[in-house]
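Participant: A single structure is presented below for examination.
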Amino acid sequence: MKVITCEIAWHNKEPVYSLDFQHGATWKIHRLASAGVDTAVRIWKLERGPDGKAIVEFLSNLARHTKAVNVVRFSPTGEILASGGDDAVILLWKMNDSKEPEQIAFQDEEEAQLNKENWTVVKTLRGHLEDVYDICWATDGNLMTSASVDNTVIIWDVSKGQKISIFNEHKSYVQGVTWDPLGQYIATLSCDRVLRIYNTQKKRVAFNISKMLSGQGPEGEARSFRMFHDDSMKSFFRRLSFTPDGSLLLTPAGCMESGENVTNTTYVFSRKHLKRPIAHLPCPGKATLAVRCCPVYFELRPVAETEKASEEPSPELVNLPYRMVFAVASEDSVLLYDTQQSFPFGYVSNIHYHTLSDISWSSDGAFLAISSTDGYCTFVTFEKGELGIPLKEKPVLSIRTPDTAKKAKNQTHQGSSPGSRSVEGTPSNRTQDPSSPCTTPSPTTQSPAPSAIKDSPSAIPAGKSPLPQPSEEKTLQPAGQNMKAPQPRRVTLNTLQTWGKTAPRRINLTPLKTDTVPNPQPNSGTAPSTEEVQPEAPGEPPEEPPELKRPRLEEREGDAQNLAPDDSSKTV
């Protein structure tokens, strides 16, 4: 492991707030994006020098933001770069393959001539009212989430450039957001000292974590302490992260109280138990502010080496058939951990004069980049095999996103009758736990079904009644077994649905039949009863429809009022 702080004016010696490596199988070079107070986003190329240290080469200057840029994040494929800043907008950049540079009014001609790559803005996402602090992509690259000073978190449809949902439960700045690699959760961390975990399918809060029990008081009462730092923490960011397989959630800015002592820490949450942390990673120095995981999976170390290295047994973060490495950045240092032990195996300090701001791993795990508000960046390089032996094949993940859930829902509705399958699917969906970690894509197609089924009774008075029609046809068929011709009329006439069910209504309507149909009186046998039904159908609508439409309109308005809160909560 070698550390070097490059003497480069990354952003005109202004504070550097964020950096991110480009991942993806199609890219042959280590491309790095950086952003800072000078309102620019810059692209760099990294190589390993003969001495094993990093060599940096400038590639492009992306000038479009009007204020400081707080975060840059490449999409999972590396094709699109998202940047968010104090101007409350998110820009989506894409590299332009054409050799002719794009005419940009935001940068000088001299700066444009220095660009070796041409990047253009393909989308501008507007929705936040204040500074954008953090961005995280979904695993499939179709969706993205952002956190802002306006206390909100927004889920974006990247292809359409539109907002899908807005989460506004936080009471203060949202300084970090991460998307579960399996697509089930979105976790946010705010300076209101609350960690909120949202369910992406239900689009609502699944867990609120803010306090932890610390034992009993002198009188036997339960004591608790706040798990996260308040707004006095000297950092704009609290960048939390899921592990690449989604098994663990790592949250910085933690504080553990033991009597009068307060220890800065990073909490570790298990996917199977998100209500409280399973472990914490203490930081001897200042508060932690960012956690980033190496994208490479490694083989487990031999048990003998683990036992020799640890004097006492580790609290065992998680029992996995592989090992994952992650870095935790505090205000003045970086600690390196893996999932096989609870204490760090690496420690980097005394590299910057001011607070650190962000960290990022290269796609092969060879580089760890560190940015600081002093205007410089540091690179930690690892030799081949220094972190461990990489797995030959990555684990296969079953990914769920709101977009795929909607598509599956539409497919089930298009390919099945609305009456039978929707009712049959309801009990099975209610018995399953949608928040269970070991879920497959098949339950996700059924997870939205309960909400649609609950809404179906309220939608019946509005004019579309898929469920009652089959049942009404079954009740009318015994009354007219020998009448095959009038059946089309009964299907098209909605006014026959109410009085055709019960016999008392037919008895009350016998005087109307004699008044409205005087001509067919000579036919008074059993056949006239069937013939009278035919002329009544066109004769009764002037009287029956007002009785049926009025309650339907009233019910429709009532249902609209009742459905308004539910729909708003789903779309938020």
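Here the Cβ of each residue, glycine as well, is placed from N, Cα and C on the backbone.
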Participant: Which of the listed residues, S417, S436, has Swiss-Prot annotated as phosphoserine?
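Facilitator: Going through S417, S436 one by one, Swiss-Prot annotates S436 as phosphoserine.
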Participant: Among S314, S456, can you tell me which residue Swiss-Prot lists with the annotation phosphoserine?
Facilitator: S456
Participant: With helix taken as DSSP H, G or I, strand as E or B and everything else coil, how many residues of the repeat 'WD 1' (11-54) land in each class?
Facilitator: 0 helix, 23 strand, 21 coil
Participant: For the repeat 'WD 5' (228-279), what does DSSP give as the number of helix, strand and coil residues?
Facilitator: 0 helix, 27 strand, 25 coil
